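Asks: Dumping what TrEMBL says about this protein:
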type	residues	note
BINDING	A:Arg211, A:236-237, A:250-254, A:267-274, A:Asn288	FAD binding site
DOMAIN	A:5-195	domain 'Electron transfer flavoprotein alpha/beta-subunit N-terminal'
Amino acid sequence: MARKVLVLGEVRDGSLRNVSFEAVAAGKTASEGGEVVGVLIGDSVSALANGMIHYGADRVVTVEDEKLKQYTPDGFSQALMAVIDSESPDGLIFGHTAMGKDLAPKIAAKLESGLISDVTSLEEAGGNLVFTRPIYSGKAFEKKIVTDGLLFATIRPNNIAPMEKDESRSGDVASVAAEIKDLRTIIKEVVRKASEGVDLSEAKVIIAGGRGVKSEEGFEPLKELASVLNGAVGASRGACDADYCDYSLQIGQTGKVVTPDLYIACGISGAIQHLAGMSNSKVIVAINKDPEANIFKVADYGIVGDLFEVVPLLTEEFKKLKVNA
Amino acid sequence: MNIYVLMKRTFDTEEKITISGGKINEDGAEFIINPYDEYAIEEAIQVRDANGGEVTVVSVGTEEAEKQLRTALAMGADKAVLINTEDDIENGDQFTTAKILSEFLKDKDADLIIAGNVAIDGGSGQVGPRVAEILGISYVTTITKLDINGSSATVVRDVEGDSEVIEASLPLLVTAQQGLNEPRYPSLPGIMKAKKKPLDELEIDDLDLDEDDVEAKTKTIEIYMPPKKEAGKVLEGELEDQVKELVKLLHTEAKVV
């Protein structure tokens, strides 16, 4: 069944986040030959519209207003509802990001629709669009379908491959007028903590530290390795509880669930709650002094040794690789 | 302050998950208060202690959730309500739960509603914002700090590691992120007192809802375990050689760098 699917793009620091292109690809699958319409909301976003078209959107609709400079649930839902009213879509796809997680349930409640969150793949099967998503933090998976109304899903970053970028693709870019008013939550200040380095949920490479890192300073070699690999630094609960790092870095059943291409666990024993947050990574490397550590059971490659010796050596080796590449 | 907490009973995070008959096997499993809801309960108690008022913890589920509701009472909540859906709803989804909770909350004049930002079993994180929208109140998700000043609140929201400082008016719904507080353990006197605190039980009929009103919009057609990972290769030899080999393997065999 050909459908019209709206895909909400996400802008950060003046450019489109990768998950926007992944969402376009998901929208393409969900549209089954229908139309994929990109939606961009912000104070000045129309210049980015072609980016969504290059990655496969048929056209883009924008809503621009100075009150939409920062994301708020009221502002963005007013803008999006104006687009939904004018487009009457059959489907909606957002990224399962801080913004998507916050906004999608509000829109679903407004439309009295279902919503399938945190989808890692979708496919047409037996006349249904089937969404796959992790449950119990990735200890199991479920397949879900929509039984009534709108197809609405948020997709997990880093799991659905974007389409090939094609700059010769073109499409219509139009703006929709929306009255943005009565914002009930006001952002007074944004404190950037994560701005140094790469966002954990979208990182292709994650270097994570556990109790074995021993101190806040102990994260330094991990940070250096991360910067050589253009990756992000994460942590186990043990490291966060011991105050070696901020809870925003925590990976696990409580904390972030990540699926990078490469996960390097340094001084992490591998408690079941931590494994739930990272065991679906494509390739896992474990570095631990204890050869019996649980983490080796899920690792593709392991080195038994002191992370303070191994990590700097690794950093040097990767630097050489980069120079030779 | 009239404070409500939305709570879910979930599998203990220590539990290994197995499947039998197409469902998650619950036999012999330990159940707990969803860890994020524990932060919500703790925060509600602290807000009440600072501002006065009453904390009511509400859960949609089966009779078995009484145990977790009693734990919440033992932590210091004043009242608990179980909306028992055992006889009426077989396969609800987030639409279902949010509709039931909002129907319960709509005439309660809550000043503050606190929920966990996500449940560690289903992991959708929808119910809090859905309830706020249905009730027509504003919300802030994944908060790490909450200050109540009269009829307004200053909230710190975790946005993928960054923090937003947000001002909002009451009534407000917030969802708890890790780092918000350190939940207390129930004390022995707390546990004794909890036995005498009110724990009401309702069914959806009592909310003038019938099954059709809350029928799920989505359906789970299959549950499966991820493919088991083969144990990997632990490298051997001199440390420097191991490191060289690892980089080579990641580059040529795994092709991730």
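Using N, Cα and C of the backbone, Cβ positions are placed for all residues, glycine too.
Model, not experiment: these values are computed from the prediction.
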Asks: Where does A:Arg211 (FAD binding site) sit in DSSP terms: helix, strand, or coil?
Replies: helix
Asks: Could you check the binding-site residues A:Arg211, A:Gln250, A:Gln253, A:Ile268 and tell me which sit with their Cβ under 8 Å of a chain B Cβ?
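Replies: Sorted by position along the sequence, the hits are A:Gln250, A:Gln253.
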Asks: I'd like to know which of the binding-site residues A:Ile268, A:Ala271 has the most other Cβ atoms within 10 Å of its Cβ.
Replies: A:Ile268
